Amino acid sequence: GTNLSLLTKSSEDKFKSNGGEHVNSAYDSTLDEPPIYETTFSNGEHRTVRPSVVSAFGHDTLDRVPNIDFYRNAGSVSGHRAVRPSLQELHDVFQKVRCMLNIWGVMLFIRLSWVFGQAGWGLGIVVIALSCVVTTITGLSMSAICTNGVVRGGGAYYLISRSLGPEFGGSIGLIFAFANAVAVAMYVVGFAETVVELLKDHSALMVDEINDIRIIGCITVVLLLGISVAGMEWEAKAQIVLLIILLVAIVNVFVGTFIPATEDKKSKGFFNYNSKIFLENFMPDFREKETFFSVFAIFFPAATGILAGANISGDLRDPQAAIPKGTLLAIVITGITYLAVALCVSATVVRDATGNITNAIVPGGFCNGSTAVACELGYDFSSCEVEKCKFGLMNNFQVMTMVSGFGPLIIAGTFSATLSSALASLVSAPKVFQALCKDNIYKALYFFAKGHGKNNEPIRGYILTFIISVAFILIGNLNTIAPIISNFFLASYALINFSCFHASYAKSPGWRPAYKYYNMWLSLVGAVLCCAVMFVINWWAALLTYGIEILLYIYVTVKKPDVNWGSSTQAVTFVSAVSNALSLSGVDDHVKNFRPQILALTGSARTRPALLDLAHSFSKNYGLCLTCEVFKNQQWLRKTKRKAFYAAVACDSFREGTESLLQASGLGRMRPNTLMMGFKRNWRTAGTESVQNYVGILHDAFDFEYGTVILRMNQGLDVSHIVEAEGQGCLQPLPQSVSVSTSLTRTHHRSKPLTLVCARFPIQLSSARSVNKLHSLLQLLSLVQLSFFASFSLSVSVCGPPPPQVAKMNERLLEASSQFKKKQPKGTIDVWWLFDDGGLTLLLPYILTTRKKWKDSNLRIFIAGQPERSELDKQEMKSLLQKFRINCTDITVIDDIHLRPSSDRNLEDMIEPFRLHEGSKDTAQAEAMQKEQPWKITDKELSEFEEKTNLQLRLNEVLQQNSKSANLIIVSMPIARKESISDFLYMAWLDVLTKDLPPTLLIRGNHKSVLTFYS
């Protein structure tokens, strides 16, 4: 039909509705063109329609079936963003490896033996365990954040900024990028130390130790920069080679501990496995003002490699799967490796040794002091108690080389570990910095956002990282650089853990991580632990780190960057606002706290600026200034523990009151976006005006871009007549679980008009005509008898005992009214997601399943499809649900919806009283009939919308077949185009679609996405 055609007018005409007041903003036309659906139909009309839509429903429709492309961000690299038809178009009048490499870094071969020498293997295990606890908790938190949507480039910065917002993300992004740049210096200095040791052994020092470290370090970082600039492919190949060398070197250490020690090795403190050495090395022996936490600070950077995979998230094929698995596996493997290597060394090497073979003595002689064990094994190292020796766990950073079976392999392994870690950090720092600069949080740094080549390599970022790393390489002391990095990384870890806690605490429907093995309180403990360790390691460095972070946070807050990532900070702010508003509603006013709360009847804000300005002067920023009249009645809501607000608008009709609320309800961002109402069961007897008002409300909701939800239950929803009877003392009080949506209040004073609070809107009835407007509705209340008097007051009698049949109906109605108050039995929520409305039809049932009362109800998804591609449609929907992190027990493709219904007798009987039957009349007579009764269903309309009418009948049949036993059915609501479909035909559609079913929700979103698979 013409009402289903794709609009071909200008975009201005295309998106205007209701006099041009509402403009569709569902998509940004500057980023994507509107969707184009083209095909040629039998009537010669040319337009595009996805083939599966036509064959699934049996007729052409602008409604789109759910598709992943509707939920992509603009500029998505994984696929083109499609734009679903807007609500106006449908409704208006026709017109793993990297982490291990980075963790197995410089500490494994150069400082691990020193750490266990200082702390002993007892506290050494605590050092490794504490590091693993911090990194494991952080790994769990990071896994949860990574799997809550698509992860792009930027690593820790991306995770924190998208979770906590630009203020936290921007501040920690700079610190984290800087920490990675300094980490390059640490690993390169470790490499240079090893090279200098080799030069010393061969008496080939160029200048002296410290300057040789600086020279070699600078040369090394230049070579690494060349590999990095060559791109990720070269860097990845280099990492694989380095990993193989590293693994061989680690095995070589274990093999070396079993090879009998030579006299040379014994003089340097290596005696193979010996229980006495192991026991002596158990207790700590801190020297040179070292403490447990200073030793921990030097070792901790060894564990910071867990973010290496996340830092290059933009280059991973599937970061959601790779980052959790790779990171947690790397923590386990490297933790065990560190522990095993350290314990092996602690059981074979003494703390102090001279390296002089002439110190050999006869075993078993008199031994005393700290070198007693070596003395018992035949070596006198007592001179080490007087002056510093060059060998042993405490003095020789190259212990691993001495212990190993083949020394050069350890040197190669040290080179591999240090260079691989340096390379990983040299790649991570520019990519994190580039991601930060691309977001343009710091305007001055946007220069570094530009990438080069097909992989968008941040060349400018590489150069900046190179400059920073060279500056720190010039320090030349690994023990000085390591604690600086520890502080920065611990600050980053603390915020990652806090991000996970904060997102979980906010309980936003958008927080649906696919990774479930996390706990928000564990994440909070991890964040506190990171902060505590920072201050214990170096309190002034921790204060400096947080001082810099706070300054950057304030800067970003003041500058207010133009970004909105849906952060958990926004979610918590909203939850706090709702909680505070609800708390205020339960507190009585006190004179001490009185302040003006202005309700200004300004009409349009532009028409009465003086009135508005004066009102604002009274309230300023410390009170409310509203432009609509609101009546508050929270007593019953508080009594029944229903957390909701009650608002009513004085008006003359149901539709006018609803329209006022649709426009004026809410405070600031706390505005309703979804209209929920009951199905009008008595539409066939309610009268023309009543039906027009009801359907008109749906049109208004669509016009104001509200999501719309209609609930239908076979027993009905309205218990107002029972409430009235209870109010007059004729019935027992209603149970509190019964939800009362309508109440009647009667005035007994002749001089005052009758006031009815009907369907949430108080209606002032000051004349017989006004009372007559409700007469047809009140006729249906079997317990209420109305009699009218000349004074226009109303006498109500409800004290007579109801007939048995009516009493039974009331009993069933009360039971149905409390149905959703109780815990739902084990069953299903069947979601018939037939049209893509932005995801509201899917999101609402998902939210239901997160509630305790509905936890035993599983989601079943039903979609329309065609026989030849049912399996493909099912796989596409399964993929889409996985990206949304929404679980369902079954997906069913209904491929026979396009068939004709078996019978349309019910519909014909239903609409017969409302048909015009103008087809058999001549043109003039038909026009006269239509003009006299414009609300009736014409033969032309029935013919034009025959396919859509048949679709509703057919849908009811398949609903009966598949969902008759569901706890709740959710169906995509059909839309009636204004001035094309009559109100009575539309009501008939809704009626036949939901007839004789379990509780059914008809849902239609406003065609703006409420679901996303991005972080």
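Keep in mind that glycine also has a Cβ here, set from the backbone N, Cα and C atoms.
So that you can see what the record holds, here are the features copied from TrEMBL:
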DOMAIN    48-96  domain 'Amino acid permease N-terminal'
DOMAIN    97-599  domain 'Amino acid permease/ SLC12A'
DOMAIN    608-1015  domain 'SLC12A transporter C-terminal'
REGION    1-27  region 'Disordered'
TRANSMEM  99-117  transmembrane segment
TRANSMEM  123-151  transmembrane segment
TRANSMEM  172-193  transmembrane segment
TRANSMEM  213-233  transmembrane segment
TRANSMEM  240-261  transmembrane segment
TRANSMEM  292-314  transmembrane segment
TRANSMEM  326-350  transmembrane segment
TRANSMEM  406-429  transmembrane segment
TRANSMEM  459-478  transmembrane segment
TRANSMEM  484-505  transmembrane segment
TRANSMEM  517-537  transmembrane segment
Revision key, fill the gap. Stretch winning on C-beta pairs under 8 A with the transmembrane segment (172-193) (pool: 123-151, 213-233, 240-261, 326-350) is 213-233
Check your understanding: Where, among 213-233, 240-261, 326-350, 484-505, do we find the most CB pairs under 8 A to the transmembrane segment (459-478)?
Key -> 213-233
Check your understanding: the transmembrane segment (213-233) vs the transmembrane segment (406-429): three or more C-beta pairs under 8 Å (separation of 6 or more)?
Key -> yes
**Study point:** Within the predicted model, mean pLDDT of the domain 'Amino acid permease/ SLC12A' (97-599)
**Key:** 81
